[in-house]
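This report refers to the structure that appears directly beneath it.
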Amino acid sequence: MLSTLPLTLIALLVLDVSAIPTNPPQGISMPLRRRVQSQSRSEDELAMWAKNQREGLMAKYGNPVARKRSTGTNLITNQGADSSFYGSLAIGTPAVSFNVILDTGSSDLWVAGNTCTTGCSSVQTFDPNQSSTFNNQNQDFQIVYGSGQASGTIATETVQMAGFSVSNQGFAVADQVSGGLLSAPVSGLLGLAWQSIASTRAVPFAQTLASGTAWDSPVMAFQLTRFSNQSGTQQLEAGGSFSMGFVNTTLYTGDIEYINMPTTNSYWILPLTTLTVQGNSISLPSGSASYAAIDTGTTAVGGPPDQIAAIYSQIPNSAPGTGNYQGYYTYPCDTTVTVTLAFGGSTWTMSPADFRLSRVGSGTCLGAFFSLTTGSNAPSWIVGDSFLKNVYSVFRFNPPSIGFARLSDYSLSMNGNLDIEVPSPTIGSVSVFATAGTVDGSNHNSGTSLRPPSFVLAIAVLIYAML
């Protein structure tokens with residue numbers, strides 16, 4: 001995902017074979033599940049989370065050859081009441097599985113290593129000495145987030161996910177992680193954007209598969225569930241589906257509307273052309289000032305201060321936050337807020353339940369849109385899961401574009417469904433092999449990330465457990 005903030009975000013874990021087409025296209029679908037914080041957070045903890053989320057996002061966005069595979073499935077988890085989605089992949093020989101945040105807002109793969117001295121005590125770590133395919137590149141790695149950082153060593157390894165195996169994959173083994181960046185059982189992050197913004201300079205795992213012959217189609221897609229407004233939510237719940245190499249026709253209805261990206265090979269970007277609140281239009285700029293990063297690793301929606309203020313001017317009795325809530329707005333919880341967004345095509349409606357980020361007091365709620373000032377090379381808007389839970393989203397590598405479709409009744413039936421069993425990820429067999437491209441030292445960002453990782457943002461959404 002593009003931005004890494006300090007906040008936390010369906011197919012059944014056991015794949016429902018009856019829901020899959022008899023002859024599905026080549027690719028894989030990865031059911032998601034979510035882990036929800038079981039205890040409520042205090043108002044002080046919530047305020048600090050809100051502050052870290054906003055500052056983290058600002059840091060994240062820079063204010064300072066192979067054969068066709070047969071279909072397969074890899075199971076994924078969702079952590080923290082709509083806060084963060086993580087999947088399992090396997091690293092090394094023999095392969096060892098790790099849970100990683102799935103982030104279309106960044107491009108690096110990294111996991112905590114066995115020599116990690118801080119911030120890794122409760123998570124599974126990677127031991128290079130136990131793998132015969134580990135190759136240390138002897139280069140330092142560092143990603144800086146708004147609320148901390150991760151640092152370590154760049155290396156190459158064999159990485160497997162959902163039946164695909166990529167050898168010589170560049171990644172980082174972290175030996176220092178700031179407290180709060182990792183929350184068990186998550187051990188790291190898988191960036192799903194483009195190579196040019198990778199701190200490791202490595203060709204990202206998904207980009208390698210999409211550019212070769214491994215995937216039947218150069219696409220990956222997300223369907224995310226909603227549990228933020230469901231009472232009785234457990235620590236783990238079904239979270240949705242991540243598909244690689246194809247789109248799952250059981251998860252959406254109608255056509256997928258693709259919009260070509262106005263700029264390529266960096267973040268997943270679309271122009272935000274229309275935004276309405278309570279039926280009233282918000283004035284938006286055109287050109288690069290309208291660019292929005294579509295970021296699965298971010299929970300909420302960040303935008304320019306003037307336009308965020310205009311949004312809340314349409315909500316009676318809303319007010320700007322103070323202290324740790326600076327940049328946010330509060331509004332009466334008994335107000336139903338309806339927001340629509342368009343990116344040069346159809347208009348997509350955001351559920352009022354997703355606009356409400358959390359309760360912050362008696363009858364007072366925190367809105368999911370907050371003010372954000374990004375760097376000159378980053379998009380002005382960061383559109384995260386608060387919006388993406390309302391659509392089936394498709395990220396297409398060639399031609400570079402992003403598509404949205406309306407969720408099917410089958411997908412919608414998963415929202416708040418406490419009866420869906422949550423499975424455990426396993427290491428499956430490999431049916432397609434590929435080799436990562438060589439490291440390209442040109443056209444990349446410095447050793448700091450333009451934004452904090454999505455799993456950091458996941459912490460924020462833990463507040464949904466308060467509902």
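Using N, Cα and C of the backbone, Cβ positions are placed for all residues, glycine too.
According to TrEMBL, the protein has these features:
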- ASP103: active site (ACT_SITE)
- ASP295: active site (ACT_SITE)
- CYS116-CYS120: disulfide bond (DISULFID)
- 85-405: domain 'Peptidase A1' (DOMAIN)
- 1-19: signal peptide (SIGNAL)
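Using CA atoms as reference points, the recorded positions CYS116, CYS120, ASP295 were checked against ASP103 (active site), and the closest is ASP295.
Geometry remark: ASP295 (active site) versus CYS116 (disulfide bond), CA distance 28 Å. Ranking the active-site residues ASP103, ASP295 by how many Cβ atoms sit within 10 Å of each one's Cβ puts ASP295 at the top. In sequence order, ALA112, GLY113, ALA174, VAL177, LEU182 are the residues of the chain that are 6 or more apart from CYS120 (disulfide bond) and have a CB within less than 8 Å of its CB.
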